[in-house]
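Peer 1: Dumping what Swiss-Prot says about this protein:
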BINDING   7, 139  Mg(2+) 1 binding site
ACT_SITE  7  active site
BINDING   67  Mg(2+) 2 binding site
ACT_SITE  67  active site
ACT_SITE  139  active site
C-alpha cells in the first residue's frame, strides 16, 4: 500500500509518500508545495491543489492521509489553514483516493508511542522508521509522520471492519 501523507499549510504544504511492504515501511519521496504570500489567497489554494494533483499523478498513491489541525494563532489563521486542508482533501478525492484524517495526537501516538511527544522526537522516529539519511524538512517530516500513522492504522481499521 502506498500512502500520501499531507501536512497542510496556507504557505507551505508538506507531503510525504511511503510504501508499506509487508511489515516494512519504505520511504518513496517527500517535499513541500510553497505558495507565494504576495498572491491572492484563492490562487494560493489553487497552487496547493495543483501541486498535490501533480504529486498524485506522479506517485499514484493508494490512499491519502491528512493531519487535522486544531491550533492556530488566531481566527484568520485557523480559517486559512482549514481552507488549505480543504484544497488538499479535494485533490485526493478528485483523484479517487480514500482520504483519512488524523489528529496530531494520533500521529504522535502512532509514530512515537506517546501522544504528547515533542516535534523533535517525532522527526527522529520518522528518520529511524524510514531509514532516512537525515531528518526531512519540517513540513515534509510531519507529512511523512501522517503517512506512517495511516499505514500503521489502516491494517487495524481493516481488521475492525471485518469483525463488524
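Glycine is treated like the rest: Cβ placed from N, Cα and C.
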Peer 1: To the nearest whole angstrom, state the Cα distance for the pair residue 7 (Mg(2+) 1 binding site) and residue 67 (Mg(2+) 2 binding site).
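Peer 2: On Cα coordinates alone, these residues lie 6 Å apart.
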Peer 1: According to DSSP, which of helix, strand or coil covers residue 67 (Mg(2+) 2 binding site)?
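Peer 2: Where residue 67 (Mg(2+) 2 binding site) sits, the three-state DSSP reduction gives strand.
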Peer 1: Let me know the most crowded of the binding-site residues, choosing from 7, 67, 139 and counting other Cβ atoms within 10 Å.
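Peer 2: For the binding-site residues 7, 67, 139, the Cβ with the most other Cβ atoms within 10 Å is 7.
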Peer 1: Rounded to a whole number, how many Å is the Cα of residue 139 (Mg(2+) 1 binding site) away from the Cα of residue 67 (Mg(2+) 2 binding site)?
Peer 2: 11
Peer 1: May I ask you to report the DSSP-based helix, strand or coil state of residue 7 (Mg(2+) 1 binding site)?
Peer 2: strand
